[in-house]
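J.: For reference, Swiss-Prot lists these features for the protein:
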- 38-304: domain 'Septin-type G' (DOMAIN)
- 48-55: region 'G1 motif' (REGION)
- 320-415: coiled coil (COILED)
- 398-429: region 'Disordered' (REGION)
- 401-416: compositional bias 'Low complexity' (COMPBIAS)
Amino acid sequence: MAVAVGRPSNEELRNLSLSGHVGFDSLPDQLVNKSTSQGFCFNILCVGETGIGKSTLMDTLFNTKFESDPATHNEPGVRLKARSYELQESNVRLKLTIVDTVGFGDQINKDDSYKPIVEYIDAQFEAYLQEELKIKRSLFNYHDTRIHACLYFIAPTGHSLKSLDLVTMKKLDSKVNIIPIIAKADTIAKNELHKFKSKIMSELVSNGVQIYQFPTDEETVAEINATMSVHLPFAVVGSTEEVKIGNKMAKARQYPWGVVQVENENHCDFVKLREMLIRVNMEDLREQTHTRHYELYRRCKLEEMGFKDTDPDSKPFSLQETYEAKRNEFLGELQKKEEEMRQMFVMRVKEKEAELKEAEKELHEKFDLLKRTHQEEKKKVEDKKKELEEEVNNFQKKKAAAQLLQSQAQQSGAQQTKKDKDKKNASFT
């Protein structure tokens, strides 16, 4: 049974003044020191067609050269490739993960191109949820792979968004912070670029696509975020090559007709993107991922598992009540399954017994048949043996008679010879 515990309301809180220094004013410093020692993680998902400049822009944003293998247009499907890096600036360590959508937009049938991306984002949420639900959690050492920002690279067509872009962003907007950017903006004339930006934003609004809104509720960033929001989507140019401009070297793209400077705000919005993504709103992107997108996923998953905050009468549920209800439901299902399995087992045993009896009957019939056959064969052999024995006896009798006749004939011949001899001898005398 749940026990109701009273909680103080805001009206019950009293403001008190301190008579001396206590020391909790150092909490912000403690938090900064702890965060600095732990380091930070930031995960970026780059969604865009092959060859649109995703890797180059990442190299330019973080002022380094990341390892990246050039992708081909022959991928059978979309696959996501994640790579993690350890970066350090001053005394701040950042574990950066860049996830690339290899093969996106290269297939003839693009209907399911968004699915691997959604599945990857959900898989990272699920991994974090499973870690969070463990009895012995280790979130301090856990490598958080949830996507904090999705840079959606829009092809610089100058006309409108492709249906693939609209469908993909619509599928992703409830799962990740989408920041749309126009890639290779130096391929569009400036007047066309302004029209293209307006067209993109109107299409996003008309199709109900929710992109990341830069926070304006904090005084420290409200003004800059409000100013930068009107420039969405950012038209960017990426380059790691440095070109000499005047007396300085600057990152730029050299063309026969001139030079496009990456960090010149009159040429592109790269600086605005870097300010918004890294220097101003990186922590807000991390916070929005946890408090909005992950919480939505977590709530849906727990509701699927049967956990909820209120009963059908909108009365609050305690965790213990939810656990007991779920446990009883599980035990009921378990007993039902056990009974079904028992009945199935009994039925299978009966079927097996019937099969064994039938097999035993067949074996007995075969045995009886073999036994009769054996007896018949035995009788035939015995009869044949008797016939042979009779033939042997008859043969022996005939043989004995023949031998007797032969001996008698020999004796009679011998006697006759003797008589003739005696008669001859008598005549000489």
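Cβ coordinates come from backbone N, Cα and C, glycine included.
Tell me about the setting of these features in this model.
T.: Across the residues of the region 'G1 motif' (48-55), the predicted structure has a mean pLDDT of 91.
Taking H, G and I as helix, E and B as strand and the rest as coil, DSSP gives the compositional bias 'Low complexity' (401-416) the counts 16 helix, 0 strand, 0 coil.
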J.: Take the region 'G1 motif' (48-55) and count its residues per DSSP category (helix H/G/I, strand E/B, coil), listing them in that order.
T.: 2 helix, 0 strand, 6 coil
